[in-house]
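Noted in TrEMBL for the protein shown:
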- 35: active site, proton acceptor (ACT_SITE)
- 175: active site, proton donor (ACT_SITE)
- 8, 66, 142, 143, 144, 145, 175, 176, 177, 197, 198: substrate binding site (BINDING)
- 33, 35, 66, 175: divalent metal cation binding site (BINDING)
Ligand SMILES: O=C(CO)[C@H](O)[C@H](O)COP(=O)(O)O
Ligand SMILES: [Fe+2]
């Protein structure tokens, strides 16, 4: 089973983002996780397309862009141009999820769908075969540094079963409150990609923390 790490730059130093991207570049991280928030779908505003295209010039790992915005279809071409490699949309805002997923792929990106903590895994039954990744939120989206919701372990196992039944190679990513203890249990339950923001960037040695997460 693949074990991948996606440090979230939401917890990085925005006065010197390049320095934290270099930490990620030098580490064993697999992706750079970028949280885009619109202040409507979630009660917070982070950063958007211009920041992503600047990051693309310094990041040597694929950009894993987590859109917490309403009406994502409107911006899919812009995020592709900015250099997103994986584009994640929230199930809760997509009335025509199949169309949105196709649009992401037509723009050359990997398609990923995110579920809020209260959204059941079963809603993905009829689309799982089309997806490159599913992102399970283990906190309510909008902020870093929140407490992990332990119902997520059960959802990881359910999703692992769904993926196996569909014979797909879709990745399972988990986002929110990931530390060593939660991360280890998530990998054991069948997760592939761990997002970690505050745990990495508030640690004394972020590069070592990334590498330790990877080795869990
Ligand atoms: O999508 C997110 C918040 O909506 C972030 O990716 C997530 O919260 C990471 O932060 P932390 O590891 O500090 O919980
Ligand atoms: Fe995220």
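Glycine is treated like the rest: Cβ placed from N, Cα and C.
Those residues of the chain, other than 8, 66, 142, 143, 144, 145, 175, 176, 177, 197, 198, with a C-beta within 8 angstroms of the mean position of the substrate site C-beta atoms are 10, 11, 35, 139, 141, 146, 195.
Listed recorded positions: 35, 66, 142. Those with a CB atom under 6 Å from ligand 2: 35, 66. Cβ proximity to the divalent metal cation site centre (mean Cβ of 33, 35, 66, 175, cutoff 8 Å) flags the following additional same-chain residues: 6, 8, 10, 34, 64, 65, 88, 135, 195, 197. Residue 66 (divalent metal cation binding site) carries a strand DSSP state (E or B). For the pair formed by residue 8 (substrate binding site) and residue 33 (divalent metal cation binding site), distance between Cα atoms is given as 5 Å, rounded to the nearest Å. Less than 8 angstroms from the CB of residue 144 (substrate binding site) sit 8, 10, 11, 35, 197, 198, each of them six or more residues away in the same chain. Sparsest Cβ environment among the binding-site residues 142, 177 (other Cβ atoms counted within 10 Å): 142. Within the same chain, residues at least 6 positions away in sequence whose Cβ sits under 8 Å from that of residue 33 (divalent metal cation binding site) are 6, 7, 8, 9, 10, 64, 66, 175, 195, 197.
In three-state terms derived from DSSP, residue 198 (substrate binding site) belongs to a helical segment.
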